[in-house]
Amino acid sequence: ETLQRIVSTLVNKNDEIHNFIDMLNHTISNVQVNSSNAISELDEEFDGLYSVLHEMKGSMANTIQQEEARKIQALQDQLSQCSHALESSEELLELAVQSLDIKNPAKLLEAARQIKDSVTVASAFRLSLKPKVSDSMAHLMVDFALEKRMLQAVKFLPVPKAPEIDVAACLVADNCITVSWRMPEEDSRIDHFVLEYRKTNFDGLPRLKGEQHWELIDYIKATQYTLSGLKFDTKFVNLRVQACNKAVAGEYSDPVTLETKAFVFSLDSTSSHLNLKVEDTYVEWDPTGGKGQEKIKGKENKNRSNAASPKRGTNSPRASARGSRDRFAGESYTVLGDTAVESGQHYWEVRAQKDCKSYSVGVTYRNPGKFDQLGKTNSSWCIHINNWLQTTFSAKHNNKAKTLDIPVPDRIGVYCDFDGGQLSFYNANSKALLHTFRTKFTQPLLPGFMIWCGGLTVSTGLQVPSAVKTLQRSENGLSGSTSSLNNVAQ
């Protein structure tokens, strides 16, 4: 036995090492992929910067060219005016020189008057001999000294540190998981958090092979988040959190594993009545006699030596097919769950179709007879709803019925405390108590369902609701007080 324990420990350690090797190889692959992505993003950022600079350069060069064209045009206009004035002045000078050769005093006087009038209006005297524009282009120069220093100071963005999940503050209840975390140090640049969770049947570090994908909840502003409405169809859930600023996400926190206890079962189609059509967690009355269903044959004599269906605990594998000899017959339109309750407290819910004529919800020991109906034997307990002609609502056990003078809810919750000998039925919506059976269970219990003219949907993977726990504590306390009074009276 000692050697077997040692070998078992070694096998588990080898399994952990194999899992760690897979994780390391996966991490190496991710590092390579993420490095390539980072280089691509870096190229994209710098290409974007180059593009902006190139666009700015083109715009500023265009401004310089426009200024150059404006100045040259102004100077050329001024040059043209000067050339025209000079040409007029030279013509006037030539005329004056010619006038000096005139001998007739009267003609000379007339010529002199004309020259005087021409000189008075000559354009040369109206010209500004100062350039209209300067040749300086210094006002269109740029200085990137500050920008260069800024670019030289550019570094990789600060990456937020990994958050730390506070396991003690995490809560698993009512098929909800509340996760709390904190940052190892204050970081005002944190914009939001990302929470990832994954269901698993392994207690320990997350595995790579045979695991479900991570489910992601993004843009969480607080340091706490509640995952609600979950179905706990695995034993555990892995959780991890990462912090993000405006540009980059940090490393994930160390993953934590929380236990998610719940009762999970399916309907056992191999032992149902032939008039029932069964699919996992749904059963429907089928007037065709199940002709459309696949029959399972050749296993009639399997496991008969045990005098009961193969023993199943809440954590055991699915029961073996039990064959047609175990099917219900006659008017016992019954199907059982495939997982037995042998200890502990468990809860599941049932919803009936609105037009369902008659159905029962309860539990039974493992060996009901083929013609037995729920609640009509001393080994089964149920509540029964009959909507045929008029509605009746009753609790049944050992062929005795107690009428329940309360409205029939559209969803019924079943609470089974095997060790405490208690079976309670609730309005699944309001959690109001419908009825309680108290007894001592001497054999494992199977969930049982009987249906006629309609269908039932079973919800499993549910935890015992907190409201039910509170009612149970209250009811058990009252029951204990009553029991003490009865003992005194006796």
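Each residue, glycine too, has its Cβ placed from N, Cα and C.
Since we're looking at a predicted model, the values are computed, not measured.
Annotated features, as they stand in TrEMBL:
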type	residues	note
DOMAIN	100-157	domain 'COS'
DOMAIN	159-263	domain 'Fibronectin type-III'
DOMAIN	263-467	domain 'B30.2/SPRY'
REGION	287-327	region 'Disordered'
COMPBIAS	292-303	compositional bias 'Basic and acidic residues'
COMPBIAS	304-318	compositional bias 'Polar residues'
DSSP puts the residues of the domain 'COS' (100-157) at 30 helix, 0 strand, 28 coil
Which value does the mean pLDDT take for the domain 'B30.2/SPRY' (263-467) in this predicted structure?
84
Could you put numbers on the helix, strand and coil content of the domain 'Fibronectin type-III' (159-263), residue by residue per DSSP?
3 helix, 49 strand, 53 coil
